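Participant: Quick paste of what Swiss-Prot says about this protein:
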{"type": "BINDING", "residues": "N9, R20, G194, G215, H216", "note": "3-amino-2-oxopropyl phosphate binding site"}
{"type": "BINDING", "residues": "D11, H12, R47, H52, T102", "note": "1-deoxy-D-xylulose 5-phosphate binding site"}
{"type": "ACT_SITE", "residues": "H45", "note": "active site, proton acceptor"}
{"type": "ACT_SITE", "residues": "E72", "note": "active site, proton acceptor"}
{"type": "SITE", "residues": "E153", "note": "site 'Transition state stabilizer'"}
{"type": "ACT_SITE", "residues": "H193", "note": "active site, proton donor"}
Amino acid sequence: MSNLLLALNIDHIATVRNARGTQYPDPVYAAYIAEQSGIDGITVHLREDRRHITDRDVKLLREIVQTTMNLEMAATDEMVMIACQLKPHYCCLVPERRRELTTEGGLDLIYQIDKMQNIVLKLSDAGIRVSLFIDPDIEQIDASYKIGVRCIELNTGKYAESKNKEDRILEYRRIEKSIKHALSYGLMINAGHGLNYDNVKFIAMLSQIRELNIGHAIVSRAVFCGLPKAIKDMKELLKEFRKKDDQ
């Protein structure tokens with residue numbers, strides 16, 4: 001049985017901090033607590049408008065994170081420069097729109113393969129492992145392979161937000177098909193977006209997925225039971241469901 005890794009997105013800790021313009025709660029301290037609680041990695045999105053995570057946060061996180069740091073970022077010159085200076089373990093290129101509450105969908109790579117190839121090359125030359133956040137779509141996977149990344153993160157948002165069983169099954173089949181196609185290229189597969197304690201089960205049972213990125217659900221539960229307990233609960237679910245896939 002392959003272990004399913006869990007990375008915690010701590011953007012939402014920073015959102016609470018910035019709502020009142022205080023210095024607390026500190027997402028850097030949250031990362032420390034998360035690692036002490038068994039998390040496998042820390043994910044942060046440094047947005048162009050710095051609405052939650054700040055430059056100060058990412059600099060300190062790079063110094064203190066002992067597992068892996070995954071920097072989500074837009075494909076801009078500014079972010080590439082910051083990433084090359086910071087040298088996180090991973091960078092995940094994501095789409096970014098100023099008015100969105102959270103990332104609304106995956107990258108559309110079809111007409112920007114050359115641009116993405118150049119960005120991936122710069123990041124790779126800096127020693128950073130690069131992934132692309134894409135929808136579960138065959139053409140996007142083909143484009144990812146052409147761009148030259150070794151890892152993709154499949155957007156589980158439509159699956160997670162499905163309003164009925166039929167739609168959820170349809171989206172799940174798309175994810176399954178996309179995983180099979182990505183594996184034919186030898187790509188490593190992560191997944192995330194919108195996953196919570198109720199809908200994560202069937203995604204966790206897909207044994208080809210290496211890591212899940214989950215933030216809002218864990219931080220929300222932590223408000224009531226604490227971050228260590230919220231992480232423990234999610235990790236136990238992932239372990240239980242991954243075992244069921246092997247039975």
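Placed from the backbone N, Cα and C atoms, the Cβ positions cover glycine too.
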Participant: So which recorded positions are near R47 (1-deoxy-D-xylulose 5-phosphate binding site), with CA atoms within 10 Å, out of R20, E72, E153, H193, G194, H216?
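Facilitator: Cα within 10 Å of R47 (1-deoxy-D-xylulose 5-phosphate binding site): E72.
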Participant: Return the residues near N9 (3-amino-2-oxopropyl phosphate binding site) by Cβ distance under 8 Å, restricted to its own chain and a separation of at least 6 in sequence.
Facilitator: T43, V44, H45, G192, N213, I214, G215, H216
Participant: What is the one among the recorded positions R20, R47, H52, H193 whose Cβ has the most other Cβ atoms less than or equal to 10 Å away?
Facilitator: H193
Participant: Which one is it, among the recorded positions D11, E72, G194, that lies nearest to E153 (site 'Transition state stabilizer') by Cα separation?
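Facilitator: Closest by Cα distance to E153 (site 'Transition state stabilizer') among the recorded positions D11, E72, G194: E72.
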Participant: Within 10 Å of the Cβ of G194 (3-amino-2-oxopropyl phosphate binding site), how many other Cβ atoms can be counted across all chains shown?
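Facilitator: So the number of other Cβ atoms within 10 Å of G194 (3-amino-2-oxopropyl phosphate binding site) is 18.
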Participant: Taking the Cβ of each of the recorded positions and counting other Cβ atoms inside 10 Å, which one has the highest number: D11, E153?
Facilitator: E153
Participant: Counting other CB atoms within 10 A of each CB, which of the recorded positions H12, H45, H216 comes out lowest?
Facilitator: H216
Participant: Reduce the DSSP letter at H12 (1-deoxy-D-xylulose 5-phosphate binding site) to three states and note it down.
Facilitator: helix
Participant: Measuring Cα to Cα, how far is D11 (1-deoxy-D-xylulose 5-phosphate binding site) from H193 (active site, proton donor) in Å?
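Facilitator: D11 (1-deoxy-D-xylulose 5-phosphate binding site) to H193 (active site, proton donor), Cα-Cα distance: 13 Å.
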